[in-house]
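A.B. asks: I have a structure I would like to understand better, so I am pasting it below and will then ask my questions one at a time.
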């Protein structure tokens, strides 16, 4: 570049459309610095590269078209909605009414389930394979995942020196989180009630008795037993399934509400009525306590048009002959938060969908 006069138009460092790059270091040289400032040595190789041309500015016509497209896709504001609907008849829609309708459905659904369970039991009792079907169902419930404790988490805590019974309690209280369970164990190490069973949970002795009783029922009558005995056995199995599906209160919510001074039985009733929602249960305990726990076991009027329409639906009729549907009804009755999994089940979902549609 010796032929270029510094500062002239031919000087590459003053030409805005080019840039100089040091070949070895691949460094882009700064336009405002000198060769000395850039530490350029003899025999260094510099590359003169043409800069990329900046993108052309959009034309006004393109800008207008883009802006017009955005305006067309924009959601209408409140003023535009009122203007467009000015000629429509007025309807005083109350959001609280919609909320109460949903609440009414939840209350009514419970009554419907109570009555449908009775119908399903009668239908399933006519099935010659009903006893065998429900023995299998009974065994499946014995392996309920919620009763299990994460063995790896339990081993981690016991290896730290915590007693197994305390570790199990801590894990159940803290949703199987090892870290939170460990913090709980350390915090309650000197608590005199640390080894007390969780509220609402069955003591180990009662669990053992229930398991033995369940085994006796599963054994069933001999091959020489008559139909009446088989029917009685099925009734016993239904009862045991119902007991196993009994409501399980959230231990944390129970402890929190009992610390406020409420009796344990009242707290469990409040959580059962309010689907394990602690805040709603607290309001129920402080309020008029409606509905009562007894109301939860009442069925719907079997002569009502609603219930008759449900029973006349072919999908519901077919579903009531499926043992899985009865198990789903029992589960939703005592654990309403499990309704979503049954709604998504390919066997029980269509039945629940039809019940909802008929009610609406």
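If you go along the chain as it appears here, the first residue is 1 and each next one adds 1.
Any Cβ shown, glycine's included, is placed from N, Cα and C.
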A.B. asks: Name the residue range among 35-55, 56-76, 77-97 that TrEMBL annotates as region 'Disordered'.
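C.D. replies: Going through 35-55, 56-76, 77-97 one by one, TrEMBL flags 56-76 as region 'Disordered'.
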A.B. asks: Kindly point out the range from 114-152, 153-191, 192-230 that TrEMBL annotates with region 'Disordered'.
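C.D. replies: Matching range for region 'Disordered': 192-230.
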A.B. asks: Could you break down the residues of the domain 'UBA' (248-288) into DSSP helix, strand and coil, giving a count for each?
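C.D. replies: Helix/strand/coil tally for the domain 'UBA' (248-288): 27 helix, 0 strand, 14 coil.
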A.B. asks: Under 8 Å between C-beta atoms and at least six residues away from its ends: which parts of the chain pack against the region 'Disordered' (56-76)?
C.D. replies: 84
